[in-house]
Amino acid sequence: MNQFKIWQYFLIASILIMGVIYAMPNIYPSKPALQVALGETNIDINENLIVDIESQLTSQQIYADSLEFEANALTIVLNSVDDQLSARRILSNFSDGDYIIALTNEPSTPVWLSDIGARPLNLGLDLAGGIHFLLEVDTDRYSLERLASEGASLIEEFSKQGFFSSFRNIDNTVYLTFNSESDKDKALNYINENNVTTSGNKYLIEIDNLNLNLKYTDNYLSEIVDYAVEQNLVALRNRVNELGVSEPIVQREGKGRIVVELPGVQDSASAKKIIGKTANLEFRLEARSSDSFLRKEKFTYNNPLQGTAFLEKVLVLSGDNVTNAQSSFDENGRPQVNINLDIEGGRAMQKATTGNIGRRLGVVLVEEKTKTFFDENNNVVQESFVEKSIISNATIQAVLGTSFRITGLNGPNEASELALLLRAGALAAPMKFVEEQTIGPTLGKENIDKGVSSIIIGFILVFIFMLIRYRLFGLSANIALICNLILVTSIMSAVGGTLTLPGIAGIVLTVGMAVDANVLIFARISEELKNNIEPQTAIKNGFSKAFSTIMDANITTLIVALILYAIGTGPIKGFAVTLSIGIITSIFTAILVTRSLVNFIYGYRTVNELKI
């Protein structure tokens with residue numbers, strides 16, 4: 001009656017064994033480490049640099065457990081968290097901003113587990129530590145540059161229509177000066193015809209003799225600022241996705257700020273490099289020698305040996321129009337980036353290159369860079385600056401459309417990184433870091449210790465109660481409870497879930513819910529025995545009659561957990577994930593695992609009395 005078939009035992013055992021295997025990576029502690037990568041991709045890490053780094057550390061009595069060089073990044077594994085933090089300070093001062101020094105943890109999972117895809121849990125920012133970035137979109141500079149670009153475009157259009165003017169851009173106002181009243185009136189008519197947008201008028205127009213003074217209306221300014229922040233938000237999310245960061249938080253805060261939190265793997269050097277590098281592209285025609293200085297701008301080349309060049313102030317297009325970018329090599333083995341544009345960008349490129357074959361098209365890389373160093377009081381100091389450089393200034397040999405290539409890059413690393421930035425999404429407006437908070441591994445370890453202690457205390461109290469109250473049945477429930485914890489851990493590890501402090505709270509809640517199911521079953525068995533039902537039948541009826549009640553209770557809780565996941569953010573999602581997984585595994589362990597143990601104990605012998 002209360003006997004499982006061999007295949008049923010085998011199936012349950014197989015699931016539990018798989019759970020143990022995929023939970024095993026979590027028993028191997030990760031080691032504190034540093035990742036060192038070059039801030040500039042055209043310089044390689046070499047043996048001399050590695051020797052210098054090791055020398056700097058040993059001079060301060062810090063000895064690396066190992067140094068591993070891979071993918072142009074150096075990983076330094078250290079013996080303690082204190083050594084890790086001290087080494088970071090030493091190397092940050094030694095590098096003078098030339099290198100990116102990032103905290104990380106090096107997993108010590110055995111190779112055979114890694115080969116089958118078993119990996120440890122990703123820990124959230126509150127458990128593993130990590131980096132919290134607060135970035136501010138420079139909306140003032142964005143609106144100023146946009147207005148200046150539109151002013152230059154207006155001058156270009158007026159020249160094509162046969163009347164000329166000059167312009168100045170001061171304090172978010174474009175001042176257009178004309179030679180005659182008729183020219184001014186023609187310009188005013190043209191501007192008015194193109195002044196209406198979805199949010200109303202684009203410009204506030206002030207007429208002053210032969211001058212037209214243009215500035216953005218408040219509604220239009222609010223519209224373009226909102227667009228810039230949203231575009232940057234999407235771009236940052238895409239960049240994080242390109243890096244494979246698990247459970248990141250990228251969200252808007254206020255009018256012009258964006259929060260980026262990278263738990264678990266957020267301290268990898270590559271992640272910090274890509275998130276910190278706010279790059280964009282500008283495509284400009286090279287200026288003619290006859291152009292006035294009001295219509296052209298001087299830029300230096302990315303390679304200083306090439307000197308400088310004058311490009312037109314009017315943009316052909318920007319990185320906003322890039323839909324795809326892939327790095328490759330040309331027929332001569334030189335690195336290049338293959339660019340695909342959207343329809344609007346293709347039209348702009350075609351319009352700009354038609355009639356300009358033989359002229360040069362400059363590609364300007366715009367970067368918002370940050371230099372980090374320690375001052376005399378050991379405080380972290382950050383300085384931001386904008387750098388614009390020409391990475392390509394090639395001759396237009398044919399009319400270009402939605403596909404073309406960029407050459408003149410300083411190596412394959414720069415090509416692949418530029419392609420990643422463009423593919424992930426160009427930034428509509430420059431950004432600067434206003435806050436960088438590092439949650440150290442020491443604080444994370446304290447949170448882990450507290451979380452583990454809460455689980456252990458909860459388990460011990462439940463174990464004692466179940467053993468005293470239900471004896472052998474309680475022992476079966478306790479074993480099933482351990483299996484439940486293993487399964488929750490293994491599933492979250494296998495799917496790449498992130499464990500946070502609220503997630504630990506979800507696991508503790510799952511412990512109570514799993515025991516609750518067993519209590520319902522044992523209460524049913526006890527009722528059957530009080531009704532003088534034979535013990536084997538009482539066991540069978542107890543499990544079968546409690547099944548529907550257990551399912552109803554867990555399904556309703558699962559619905560709530562799914563709603564929390566759907567509408568929640570950050571910690572709430574973490575709680576909902578662990579709770580949902582715990583509900584599913586608790587049904588399996590409470591009904592099948594406990595039943596298999598009870599059947600194994602009582603199902604193969606005659607039972608005259610049950611003590612429950």
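In case you wondered, yes, glycine gets a Cβ from its N, Cα and C as well.
Keep in mind that what you see is a predicted model, and the values were worked out from it rather than measured.
What TrEMBL annotates here:
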type: DOMAIN; residues: 1-103; note: domain 'SecD export protein N-terminal TM'
type: TRANSMEM; residues: 7-25; note: transmembrane segment
type: DOMAIN; residues: 229-286; note: domain 'Protein translocase subunit SecDF P1'
type: DOMAIN; residues: 307-429; note: domain 'SecDF P1 head subdomain'
type: DOMAIN; residues: 431-600; note: domain 'Protein export membrane protein SecD/SecF C-terminal'
type: TRANSMEM; residues: 451-468; note: transmembrane segment
type: TRANSMEM; residues: 475-495; note: transmembrane segment
type: TRANSMEM; residues: 501-525; note: transmembrane segment
type: TRANSMEM; residues: 546-568; note: transmembrane segment
type: TRANSMEM; residues: 574-593; note: transmembrane segment
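If you look at the transmembrane segment (475-495) against the transmembrane segment (546-568), you find fewer than three C-beta pairs under 8 angstroms, all six or more positions apart, and that falls short of contact. For the domain 'SecD export protein N-terminal TM' (1-103), the predicted model reports an average pLDDT of 78. Sequence-distant contacts of the transmembrane segment (546-568) (same chain, at least 6 residues past either end, Cβ-Cβ under 8 Å): 513, 516-517, 520-521, 523-524, 575-577, 579-580, 583-584, 586-587, 590-591.
Across the domain 'SecDF P1 head subdomain' (307-429), DSSP assigns 27 helix, 59 strand, 37 coil.
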